[in-house]
Amino acid sequence: LITQLSIFPCVFQAILIFCWVYVRKYQSRRESEVISTITAIFALAVALISSALLPVDIFLVSYMKNQNGTFKDWADANVSRQIEDTVLYGYYTLYSIILFCVFLWIPFVYFYYEEKEEDDGNTCSQVKTALRYTLGFITVCAVLLLIGAFVPLDIPNKKNSTEWEKVKLLFEEFGSSHGLTALSFSISSLTVIGMLAAITYTAYGMSALPLNLIKGTTSAAYERLENTEDIEEVEQHLLRIKSKCRDGRPLSSRDRRTVQQLEERLRTLRRRERHLESIEKSWWTKFCEAIRPLKIVWGVFFIIVALLFTVSLFLSNLDKALHSAGFDSGFIILGTNLTNPLNMLLPVLQTVFPLDYILITTIVMYFIFTSMAGIRNMGIWFFWIRLYKIRRGKTRPQALLFLCMILLLIVLHTSYMIYSLAPQYVMYGSQKYLVQLGNVFRSSLILLLAFLLDQCIVTRTYLFLHKFWFFSAAYYFGNWAFIAVFLIGLIVSCCKGKKSVIEGEVDEDDSDMSDDELSVYY
């Protein structure tokens, strides 16, 4: 056991390295700030470490039992309880840090830099203003904690709903000695927000990322030729308008507005010209052209994975719709009636350590990259208002904090997403139980509900995620929305043409100073 768990310090180091590279890749070199960089790296790392605790939880409950369904000699009641408590306290610690980041540290740093741009002299004033705005987030956190501490878990029960009674027994056992319902309610609230972010960005990114890899981008030389023609056309249009005032007559207000718009358009086209020229001469462009067949292979692979996830999620949700105790129980089921590919694969991989851990890590990374693809394509919006653009090497500190906040919430939702993809694995891992038929004991995978509560240990992850039935119901409907958005995004991505080779790199609201960073990336 110690030998197998020794891999996790290496995992934590890998997570920190990944977060550092990821944040440094997108932050603006011209506007980079030390505090915002450290905050973004730390917040994203904590989220990923919390998701890395899921396989540990599943591994520990699985390791307590033999292949024949009996508990190992060392796994008595006290030892198993200590192991469960250790995992639970690990969740409490990480989730408390997440609450600290979401409701205190990230808002404070964000508002501090917002004030710094407006008032670049008085640091004390900036700190006071940032604390005043952050107080609103602290109030929201306090309200969530209070609601979670006193919210009633007992709800009206359906008549003869024996399955719900067994589910309630699980929650009562979990809550009697390790309640901390306030923390659970707050984290579940953040998970619901993460679910909305996943529906918005991840679902679309799952279709946009692979199809963009398959389609590729337009040729830099071809775009440059078109851009040159556009520059000539705009210049000629400007000359025609300005020729009206050669005899001393002033331009009309309409012509002046047109000249201003054309001059802005001309500046944008010239910036595009500089970017396209740099890309055309870049060694990175030549390298990408050389590995174009590999990109197509990766695109096909990613679209197959996306379809596999969608099918698994659909079957899992359909199983809940057909066999759960209904809305009042949060659509919870303790077994699986309609199996899906991932639910079958993960218990098999768990027998060869650490294959299941590698697969879950791959799933989390896949969600992050597809989320990032969705955010890059869409930008960060507040309803119909576009707040920030996310661009490689040009992301402002405030946008970087927003980005990591969104990714943190999406990763927080990933634990429930993995449960939706493989419910049996997340609940029990590879545990087996004994069924007595006459005088013969047989062991099998967990299929029968009647023996689960007595003979199998449920992961702390599952109980933490499903402590409140109404959140489970929200996750259930959120999964249907996720599937719908993915299918819509797939249709939209198929209908769209090739992306520009400088997609999102040059916009009319960019300053000419942004061209100073060209040499770093091209």
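Backbone N, Cα and C atoms are what each Cβ position is placed from, and that goes for glycine too.
Noted in TrEMBL for the protein shown:
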TRANSMEM  6-23  transmembrane segment
TRANSMEM  35-56  transmembrane segment
TRANSMEM  89-113  transmembrane segment
TRANSMEM  133-153  transmembrane segment
TRANSMEM  180-204  transmembrane segment
COILED    252-279  coiled coil
TRANSMEM  296-315  transmembrane segment
TRANSMEM  357-387  transmembrane segment
TRANSMEM  399-419  transmembrane segment
TRANSMEM  469-492  transmembrane segment
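When Cβ-Cβ distances under 8 Å to the transmembrane segment (180-204) are tallied for each of 6-23, 35-56, 296-315, 469-492, the top count falls to 469-492.
Within its own chain, the transmembrane segment (399-419) has Cβ neighbours under 8 Å at 23, 26-27, 36-37, 39-40, 43-44, 46-48, 50-51, 54, 98, 101-102, 106, 109-110, 187, 190-191, 193-195, 197-198, 201-202, 313, 360, 363-364, 367-368, 371-372, 375, 380, 387-390, 426-427, 461-462, 465, 475, counting only residues six or more beyond its boundaries. Remote same-chain residues near the transmembrane segment (6-23) are listed as 37, 40-41, 44-45, 48-49, 52, 56, 354, 357, 361, 400, 404 (criterion: CB distance under 8 Å, separation of at least six residues from the stretch ends). Contact counts against the transmembrane segment (35-56), taken as Cβ pairs under 8 Å, peak for 357-387 among the stretches 296-315, 357-387, 469-492.
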